[in-house]
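This is the structure, below, for whatever I ask next.
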Amino acid sequence: MSVIAGVFGALPPHRYSQSEITDSFVEFPGLKEHEEIIRRLHAAAKVNGRHLVLPLQQYPSLTDFGDANEIFIEKAVDLGVEALLGALDDANLRPSDIDMIATATVTGVAVPSLDARIAGRLGLRPDVRRMPLFGLGCVAGAAGVARLRDYLRGAPDDVAVLVSVELCSLTYPAVKPTVSSLVGTALFGDGAAAVVAVGDRRAEQVRAGGPDILDSRSSLYPDSLHIMGWDVGSHGLRLRLSPDLTNLIERYLANDVTTFLDAHRLTKDDIGAWVSHPGGPKVIDAVATSLALPPEALELTWRSLGEIGNLSSASILHILRDTIEKRPPSGSAGLMLAMGPGFCTELVLLRWR
């Protein structure tokens, strides 16, 4: 068993209302003639505002992938360090306590990876184990928590951390007037989050408040590579998003959740807290419909989408933090649930302390 000891979310300082972002986008080169559909998609996203890593007026001139990626590396390390220090403080631990660091991102390329750069900035021990996760996209927050558990099962005295940083706005140089690209401009924001987890023996020493990470399950769906991902070129990273995404959720998700819970002699009625990635309005509705959830079950998911947009892998960790702050009843079960490129689902079973 592993225990979550701290969670912290970090957001860049530049915050704009959805209407401000929309007004800026319609002035991007080549997008003015698509103003009607841009405004319609942005209005339908149910996003009230987003944080961006750059001032809004700088984006129209950011046309080179290399320039955008240099900004990504600098700002991602800054935000990642902020998130990790916050989570360590929440756990009453220090950077020198970290035995393993995992990082998750899909919105920029860094070699050496973000974990090496964050380790250098914070002075992590030279024997720290590193696990960079790239390409998982929106599922990486839940999958990263699952991988912390996998590691700590064999290292019950250790401290393992996950740092997720997504600067989705830096993919704007690749935006073209396709439905996928324009949906992305309506939903995605910038942000980071970190989780500190400890093995069961270390949990007793630091009096970790939980929740416990009990189990996880991954599901990779057949013939679904086309559903979501990046089209990568000299333009940078351009979003690929199939309208079949919600159909795939409705086809597979209920059975995935039911069989996973069955293995623990649980049902959906036993889940007191649903920690679900926000995706977008259609994704949230598909999850709720597939699992026959009452409206209040995904209230924190809807709230996160409205307040900060979709932060890709970092979103579910912000929602995890918000859920912990609500203090679910001791002994009750929680379920983390996210989906991403592959196409795939990651489920993580929690138990509140």
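Each residue, glycine too, has its Cβ placed from N, Cα and C.
Copying in the features that Swiss-Prot gives for the protein in this structure:
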type	residues	note
ACT_SITE	Cys138	active site, nucleophile
BINDING	Ser180, Leu241, His277, Pro278, Gly279, Gly280, Pro281, Lys282, Ser312	substrate binding site
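Buried or exposed, and what's around them? Tell me for each listed feature.
For the recorded site, Cys138 (active site, nucleophile), the DSSP three-state label reads helix.
Reduced to three states, the DSSP call for Pro281 (substrate binding site) is helix. Taking Cβ-Cβ distances under 8 Å and a sequence separation of 6 or more, the neighbours of Pro281 (substrate binding site) in its chain are Ala44, Ala45, Lys46, Leu305.
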Tell me, how many other CB atoms lie within 10 A of the CB of Gly279 (substrate binding site), whichever protein chain they belong to?
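For Gly279 (substrate binding site), the count of other Cβ atoms within 10 Å is 25.
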Please compare the binding-site residues Ser180, Ser312 by how many other CB atoms fall within 10 Å of each one's CB, and tell me which has the fewest.
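Lowest Cβ count within 10 Å among the binding-site residues (Ser180, Ser312) is Ser180.
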Quick one: give me the count of other CB atoms within 10 A of the CB of His277 (substrate binding site).
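Total other Cβ atoms inside 10 Å, all chains included: 31.
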Write down the Cα-Cα distance for Cys138 (active site, nucleophile) and His277 (substrate binding site), rounded and given in Å.
8
Taking Cα atoms as reference points, which of the binding-site residues Ser180, Gly279, Ser312 is nearest to Cys138 (active site, nucleophile)?
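Result: the closest of the binding-site residues to Cys138 (active site, nucleophile) is Ser312.
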Helix, strand or coil by DSSP: which one applies to Ser180 (substrate binding site)?
helix
Rounded to whole angstrom, what's the largest C-alpha distance between any two of Ser180, Leu241, His277, Pro278, Gly279, Gly280, Pro281, Lys282, Ser312, listed as binding substrate?
19
